[in-house]
Amino acid sequence: PIIVGFTSGIAVTIFTTQIADIFGLSFGGEKLPGDFIGKWIMYFNHFDTINWWNTIVSIASIIIIAMTPKFSKKIPGSLIAIIAITLLVYVLKTYVGVDSIDTIGDRFSIKAQLPGAEVPTLNWEAMKGLLPAAITIAVLGAIESLLSATVADGVIGDKHDSNTELIAQGTANIITPLFGGIPATGAIARTMTNINNGGKSPVAGIIHAVVLFLILLFLMPLAQYIPMACLAGVLVVVSYNMSEWRTFRALLRNPKSDITVLLITFFLTVIFDLTVAIEVGLVIACLLFMRRVAETTEISVITDEINPNEELDIAVNEESLIVPKGVEVYEINGPYFFGIANKFEEQMVQLGDRPKVRIIRMRKVPFIDSTGIHNLTNLCKMSKKERITIVLSGVNEKVHHVLEKSGFYELLGEENICENINVAIDRANQIIQK
């Protein structure tokens, strides 16, 4: 739900940012707000400035991209759309006199040359002032890139190498400022555009960079004629493809907890930004997961005999599984963490008896946290005061290591740590006979 929520949210965000270029809206010098709601308010307030030429160009681009796969799957539809629409706009501007279609050249001024290298002057005072901002940018950049890679993994069914991603990004962001560059990250919009056009390996990113480099050096006079509305049409198709609306709709039939995570992540991504959505979504998902684990973890009490047909620690006969009088066997099925620590105490309070031995069977406990250890320690101390012996049975290697490291075994006594339920019952018989 988290991945689908923020992927769909990003799709809506990308679509929203393209509305102005799709319809050629003019804001009369006003700056377009950065937030989702502010953008749409601005769009509605200035919708009377719609440029129909831009709208026609956008629609034509979308139609070309949608129709291309029916004729050729080897050539990306977006490339055909950009070339065809750029030629059309060039003809309209040059020979027909249509000047109202915004192009890259109208919006940006880019020189067809590489900027010169410049080594910055290192000043300790300036570095101290920039360090907090630099760390923040680095962390956010890393998060953004890894989230983009995670989205791509989900789409193409692959697994990225996070270490390689961060090392490459860090190296690039150290070198590019020497040439006047700014910090860059992996971007979901460009990533999805690559994937939708068949680029599913790291080579796609390299080709992307090389092509931009060649365009900058040799084709900038032609690239300035690319219409902004055409690029907006390409991104609209990208946003539709990455929206995963079918998966989104299917998830709405899932349990309420999954729907909650999905909708919260989606709306936070749309209204705020990706970083906030992921942070909140992960927290909510963790809380719901812990709740689900706590609900599924069971603690059962056995006071007569253990079912011989049940899956056991080792092969046993029926007679050896009889629980002696004055002995209680507690079977924990699931993680022993803070979410279920109180269940143990509740079980003992409900029984109300005071046995001589309590066997805690932990064969199905995959891990234990500090709260679980604290709970066991208190139980052991309380039981000693009441002259009740605690015996552990079937502790797995990981839990055994944690309990040993915490010092709990010293309190419990090595003789009360048993390999399986048979040994534990034998130990209980020894204690009772004393």
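Glycine too: its Cβ is placed from the backbone N, Cα and C atoms.
Note that TrEMBL annotation is computational and uncurated.
Per TrEMBL, transmembrane segment is recorded for 50-67 (among others).
The transmembrane segment annotation in TrEMBL covers 79-98 (among others).
Annotated transmembrane segment per TrEMBL: 130-152 (among others), in sequence order.
Feature annotation from TrEMBL assigns transmembrane segment to 202-219 (among others).
Taken from TrEMBL, the feature transmembrane segment applies to 225-242 (among others).
Summarising the annotation, TrEMBL assigns transmembrane segment to 262-290 (among others).
Annotation comment: TrEMBL describes 317-428 as domain 'STAS'. The helix, strand and coil residue counts that DSSP assigns across the domain 'STAS' (317-428) are 56 helix, 25 strand, 31 coil.
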> Top stretch among 130-152, 202-219, 225-242, 262-290 for CB pairs under 8 A with the transmembrane segment (79-98)?
Replying inline: 225-242
> Most CB pairs under 8 Å with the transmembrane segment (262-290): which of 130-152, 202-219, 225-242?
Replying inline: 130-152
> For the transmembrane segment (225-242), what are the same-chain contacts with Cβ under 8 Å, counting residues 6+ beyond its ends?
Replying inline: 7, 10-12, 14-15, 17-18, 21-22, 24, 53-55, 57-62, 65-66, 77-78, 81-82, 85-86, 89-90, 93, 101-107, 151, 155, 188-189, 192-193, 196
